[in-house]
Each structure stands twice: as C-alpha cells, then as structure tokens.
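Following: one structure in structure tokens, then a few remarks.
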Amino acid sequence: KEGYPMGRDGCKISCVINNNFCKVECQAKWRQSDGYCYFWGLSCYCTNLPDDAQVWDSSTNKCGG
C-alpha cells in the first residue's frame, strides 16, 4: 500500500523537494515504510505501508475542518 500521510489536522504533510524529511515522517508512523516528496503535489508520499495504514483520501478528506 502507498499514499499520503496525514498530519494531526487531517491534511497532507507539505514538503518542498525534501525526500529525507518525508522519509522520516513516513518511518515515524510506519517503521518499514519509505517516503519521498511528491513534487507535483508538494506533499509527502509514503510507500511500502501496511494494509491497514490510514492515509489521506479525497473522499474522506477532513483537512481544514
């Protein structure tokens, strides 16, 4: 599984071309994962996630309230 990790506010975690920052963010939530900064979305994107990982989903987006 892969997807955008969420911050406490339910929003995607923003980044500006900083793969190491995103890798740390992903691994803080899911130890075996990897991550990078998705350039077009300017958001962190995680890979190698467990099937039950909760990631940002446009259909259940609660970002911004």
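Cβ from N, Cα, C; glycine included.
If you go by Swiss-Prot, Cys15 shares a disulfide bond with Cys37, out of Cys37, Cys46, Cys63. For Cys22, the disulfide partner named by Swiss-Prot among Cys44, Cys46 is Cys44. Disulfide annotation in Swiss-Prot: Cys26 is bonded to Cys46, selected among Cys11, Cys46. Considering only the disulfide-bonded residues Cys11, Cys44, Cys46, Cys63, the Cβ with the fewest other Cβ atoms within 10 Å is that of Cys63. In sequence order, Ile13, Cys15, Gly35, Tyr36, Cys37, Cys44, Tyr45, Cys46 are the residues near Cys22 (disulfide bond), counting only same-chain partners six or more apart with C-beta under 8 A. Once Cβ contacts within 10 Å are tallied over all protein chains shown, the disulfide-bonded residues Cys15, Cys26, Cys37 are led by Cys26.
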